[in-house]
Amino acid sequence: MFNMKILVIPLFWGLVTGYKGNSSDSSAPRLLLVSFDGFRADYLKSYDLPHLQNFIKEGVLVEHVKNVFITKTFPNHYSIVTGLYEESHGIVANSMYDSVTKKHFSESNDKDPFWWNGAEPIWVTNQLQENRSSAAAMWPGTDVPIHNITASYFMNYSSSVSFKERLGNVTTWLSSSNPPVTFAALYWEEPDVSGHKYGPEDKENMRRVLKEVDDLIGDIVLKLKVLGLWDSLNVIITSDHGMAQCSKNRLIDLDSCIDRSNYSVIDLTPVAAILPKINVTEVYDKLKRCNPHMNVYLKEAIPNRFYYQHSSRIQPIILVAEEGWTITLNKSSFKLGDHGYDNSLPSMHPFLAAHGPAFRKGYRQSTINTVDIYPMMCHILGLKPHPNNGTLSHTKCLLVDQWCINLPEAIGIVVSALLVLTMLTGLMIFMRSRASTSRPFSRLQLQEDDDDPLID
């Protein structure tokens, strides 16, 4: 009986401790978040990436991260650090127009806090904690005062700054800042730039580019080891989106369908944001007949699974090209690789790998959502997350302090254990009662001389 209780107690203990947050201690946990833009998930299987594979071998891998729609750079990077869908955090595209304020946003005009204040990214939350600071090298939005706060250490964005300089700054801040940097973010433009230029199916060029990216991952690990940070620092390597192969033979020419005087294009391809200048229905009807390889949605009819309706920055009409197709004006330009398509497409998915004291070793998981990364990071850092669309339980099997089992399964195990305990208890009671049952003649009373032999 006692031994069975010992077996059951850990089950209850695991159920309780598996859902508590990171406990605080004298040494606050630290986290480095790294994004290699446009790193498609299946590059891991298609190319030899020894540094990344060694990183994964000692840590965890999520093979596919389902990102948010639209699968563009600015929106997904903000979803990673807020845990919100695009309609909630407000960065709904790389180019935007707000119908209320009449303001415009673009990759070269992104410094107005108005666009970013719809959410609080993790570097701001971390920055607000006592005796902590944040740092960032080129991560989208980190050079903007969001809610009047920037990270203690950041770099104004410039694509001309080398990875070596970015990494050098981040690791210096991590190793010698006061108050200590407990959260840092690092961004690099490749393999996205080359994916657009060559297309993901150009094996020769993409092999070369991905080798360069893999070497950069090796540089990260080596730098952290040299500085004595490797064993104590949690490191997440991920991306914002994947890449689809495009072709000059798969073009959707809007000029062949509707006159440009009827509308303005806010963002073009592969998800075009259309602001009608005439009757919305008239523009919609013309675009609906334009090309069978393009879905046309009124804002209120955008599929719910995209979570892409409830924002004044989403235009009245949205065009979504099929995978590999390009929306153009007068067939003016196209790229051999592109992204932004339906986020259910595997070609749009990035991956996630992580290493450090917060993560298991040698564990692989098939999928999580981009919005799940934020609550996981908050848990690691001991931060209270803001309301978000992510789910911590989706990532718990990646973490050493989480019980890797679903709550219904845990309840089932405990109930099963109790049933076994009940059965064993009943069996023991039955056996004991049977052992004490009266034997034959046990009721006969022996006299003092009854033990004398019957025969002399």
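The backbone N, Cα and C atoms fix where each Cβ goes, and this holds for glycine too.
According to Swiss-Prot, the signal peptide annotation covers 1-18.
In the three-state DSSP classification, HIS241 (Zn(2+) 1 binding site) falls within coil. Taking all protein chains in view, 31 other C-beta atoms sit within 10 angstroms of the C-beta of HIS241 (Zn(2+) 1 binding site). The Zn(2+) 1 binding site annotation in Swiss-Prot covers ASP37, THR73, ASP240, HIS241.
Residues or ranges marked as active site, AMP-threonine intermediate by Swiss-Prot on the basis of similarity to another entry: THR73. Of all the Cβ atoms in the protein chains shown, 23 others lie within 10 Å of the Cβ of THR73 (Zn(2+) 1 binding site). Reduced to three states, the DSSP call for THR73 (Zn(2+) 1 binding site) is helix.
Around the Cβ of ASN94 (substrate binding site), a 10 Å sphere holds 17 further Cβ atoms from the protein chains shown. ASN94 (substrate binding site) falls within neither a helix nor a strand when secondary structure is assigned with DSSP, and so counts as coil. Among the features that Swiss-Prot reports, substrate binding site is placed at ASN94, TYR157, ASP192, with the record citing similarity to another entry.
What Swiss-Prot lists as N-linked glycosylation site is ASN148 (among others). With a 10 A radius on its CB, ASN148 (N-linked glycosylation site) counts 8 other CB atoms from all the protein chains. ASN148 (N-linked glycosylation site) carries neither a helix nor a strand DSSP state and counts as coil.
Positions annotated as N-linked glycosylation site by Swiss-Prot, on the basis of sequence analysis: ASN169 (among others). In the shown protein chains, 20 other C-beta atoms lie within 10 A of the C-beta of ASN169 (N-linked glycosylation site).
Per Swiss-Prot, the feature Zn(2+) 2 binding site maps to ASP192, HIS196, HIS339. In sequence order, GLY38, MET243, LYS335, LEU336, GLY337, ASP338 constitute the residues six or more apart from HIS196 (Zn(2+) 2 binding site) in its chain with CB-CB distances below 8 Å.
Feature annotation from Swiss-Prot assigns disulfide bond to CYS257-CYS290 (among others); the stated evidence is similarity to another entry. For CYS257 (disulfide bond), the Cβ neighbour count at a 10 Å cut-off comes to 14, with all displayed protein chains included.
When secondary structure is read from DSSP and collapsed to three states, ASN279 (N-linked glycosylation site) falls in the coil class. All protein chains shown were included, and the count of other CB atoms within 10 Å of the CB of ASN279 (N-linked glycosylation site) stands at 10. According to Swiss-Prot, the N-linked glycosylation site annotation covers ASN279 (among others).
Sequence annotations record features per position, and here Swiss-Prot assigns N-linked glycosylation site to ASN330 (among others) based on sequence analysis. Counting every protein chain shown, the Cβ of ASN330 (N-linked glycosylation site) has 10 other Cβ atoms within 10 Å. Under the DSSP three-state reduction, ASN330 (N-linked glycosylation site) is assigned to coil, being neither helix nor strand.
Sequence-distant contacts of ASN389 (N-linked glycosylation site), defined as residues of its own chain at least six apart whose C-beta falls under 8 angstroms from its C-beta, comprise GLY83, LEU84, TYR85, SER88, TYR307, VAL371. Sequence annotations record features per position, and here Swiss-Prot assigns N-linked glycosylation site to ASN389 (among others) based on sequence analysis.
Classification of CYS397 (disulfide bond) by DSSP places it within a helix. Proximity of CYS397 (disulfide bond) to non-local residues of its own chain (separation of 6 or more, Cβ distance below 8 Å) is seen for ARG360, TYR363, GLN365, CYS404, given in sequence order. Per Swiss-Prot, the feature disulfide bond maps to CYS397-CYS404 (among others); the stated evidence is similarity to another entry.
Sequence annotations record features per position, and here Swiss-Prot assigns transmembrane segment to 411-431 based on sequence analysis.
Looking at the topological domain 'Cytoplasmic' (432-456) alone, the prediction's average pLDDT is 50. Positions annotated as topological domain 'Cytoplasmic' by Swiss-Prot, on the basis of sequence analysis: 432-456.
Calculated from their C-alpha atoms, the gap between CYS257 (disulfide bond) and HIS339 (Zn(2+) 2 binding site) amounts to 24 Å.
Taken residue by residue with DSSP, CYS290 (disulfide bond) is part of neither helix nor strand, so it is coil. For the recorded positions ASN169, ASN279, HIS339, a Cα to Cα distance of within 10 angstroms from THR73 (Zn(2+) 1 binding site) holds for HIS339.
Least crowded of the binding-site residues (ASP37, ASP240), judged by neighbouring Cβ atoms within 10 Å of its own Cβ: ASP37. If you measure from the Cα atom of ASN169 (N-linked glycosylation site) to that of TYR157 (substrate binding site), you get 14 Å. Minimal Cβ crowding within 10 Å, among the recorded positions TYR157, ASP192, CYS290, HIS339, CYS404, is found at CYS404.
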